[in-house]
Amino acid sequence: SQGKFNATSYDVMAIVIISLQTFAGMWINAFMTSVLCIAWLKKKSFNSNEKILLFLGCCRFCFLGITWAYCFLSTIYPRCLYVHPVPQILSAIQSFLNFSNLWVSACLCIFYCLKIANFRNTFFIYLKGKIDRIVSWLLLGSGLFSLVISILVYNSIDEAHSDNFNSTGQGNFWKLNIKMDEHLFPLFFLSGVGFAIAFMAVIFSALLLLFSLWRHKSKMQTNSGKNLSMDAHVKAMKSILSFSFIYSVNFACLILTMIYATKKANPVVFLSLVLQCAFPSVHSLILIFSNQKLKKTLRRTLSCGKCKGCMR
């Protein structure tokens, strides 16, 4: 049928870039998830950090997969997105995984702040003692909030598509974008609030942690000069700063995506999508290299792959 495969060279290039980026990110997160699962089977126990990393790895793997599928279908075979309820289901699943990714990332930053930072505040000390229970509640709350958002996304997309079909069926093409904006604006507003809360939690936790590490580093430098412990603190501060930076970039991309959501073939949307797909990969790499167990396993895996390549 006409319009079945209507991809331009620009579309093909975009799909190639997104595909390479997506499959690299899926491999990274699959590696992190498999290592954690194997460790869990051996130990028969999971600490709070491993719970967050496992949940995060699973969410990111699925998020990258569903994002790639949505981009591929919308570019190569867009007509299938008009078949009910394909766009509703894909959008709802993508929203659930995206919000889970963002909120669990924020939970990880809060966990590191409570675990590493040292403050004499009574409330902070109380939270530090209840950290394992807090992590469980944070993960549960993140999952429930993401589920609520995904349900709202499904209903909003369903209503928007129904009204747009009725409008275009009557020849009122000029009402198309107006009706989309009417249905999606409340959802965008709620999503923006959710993104902003997670972003503020990350920035606030990162600032507290950086202040605590900097103060401790200054004390060690004054008392005993440079040592291995101080180097570890400097590396921790660099990791926190890098995560805060890429999380801020991802937050800005999410806002831009919502602003230009109803405008097709926009370079800003494509650039935002590329950066959003890069966030799960880059942050997971930072987590792998900051975790000794994951780092050693990755090096062994890569070295084994090189040895097999040389033998062939």
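Just so it is clear, glycine is given a Cβ too, placed from its N, Cα and C backbone atoms.
What TrEMBL says about this one:
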{"type": "TRANSMEM", "residues": "12-41", "note": "transmembrane segment"}
{"type": "TRANSMEM", "residues": "53-77", "note": "transmembrane segment"}
{"type": "TRANSMEM", "residues": "89-114", "note": "transmembrane segment"}
{"type": "TRANSMEM", "residues": "134-157", "note": "transmembrane segment"}
{"type": "TRANSMEM", "residues": "184-211", "note": "transmembrane segment"}
{"type": "TRANSMEM", "residues": "240-262", "note": "transmembrane segment"}
{"type": "TRANSMEM", "residues": "268-290", "note": "transmembrane segment"}
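By the Cβ criterion (under 8 Å, sequence separation of 6 or more), the transmembrane segment (89-114) is in contact with the transmembrane segment (240-262), since 3+ such pairs are found. Remote same-chain residues near the transmembrane segment (240-262) are listed as 102, 105, 109, 112, 177, 180-181, 184, 188, 191-192, 195, 199, 202-203, 206, 209-210, 213, 268-269, 271-273, 275-276, 279, 282-283, 286 (criterion: CB distance under 8 Å, separation of at least six residues from the stretch ends). Within the chain, the transmembrane segment (268-290) has long-range Cβ neighbours (under 8 A, six or more residues past its boundaries) at 14, 17-18, 21-22, 24-25, 28-29, 31-32, 53, 56-57, 60, 63-64, 67, 71, 101, 105, 108, 235, 239, 242-243, 246-247, 249-250, 253-254, 256-257, 260-261, 298.
Counting only same-chain residues 6+ beyond the ends of the transmembrane segment (53-77), those with a CB under 8 A from a CB of the stretch are 4-5, 7, 11, 14-15, 18-19, 22-23, 25-26, 29-30, 32-33, 36-37, 40, 46, 86, 90-91, 93-94, 97-98, 100-101, 104-105, 108, 139, 273, 276-277, 280-281, 284, 287, 291.
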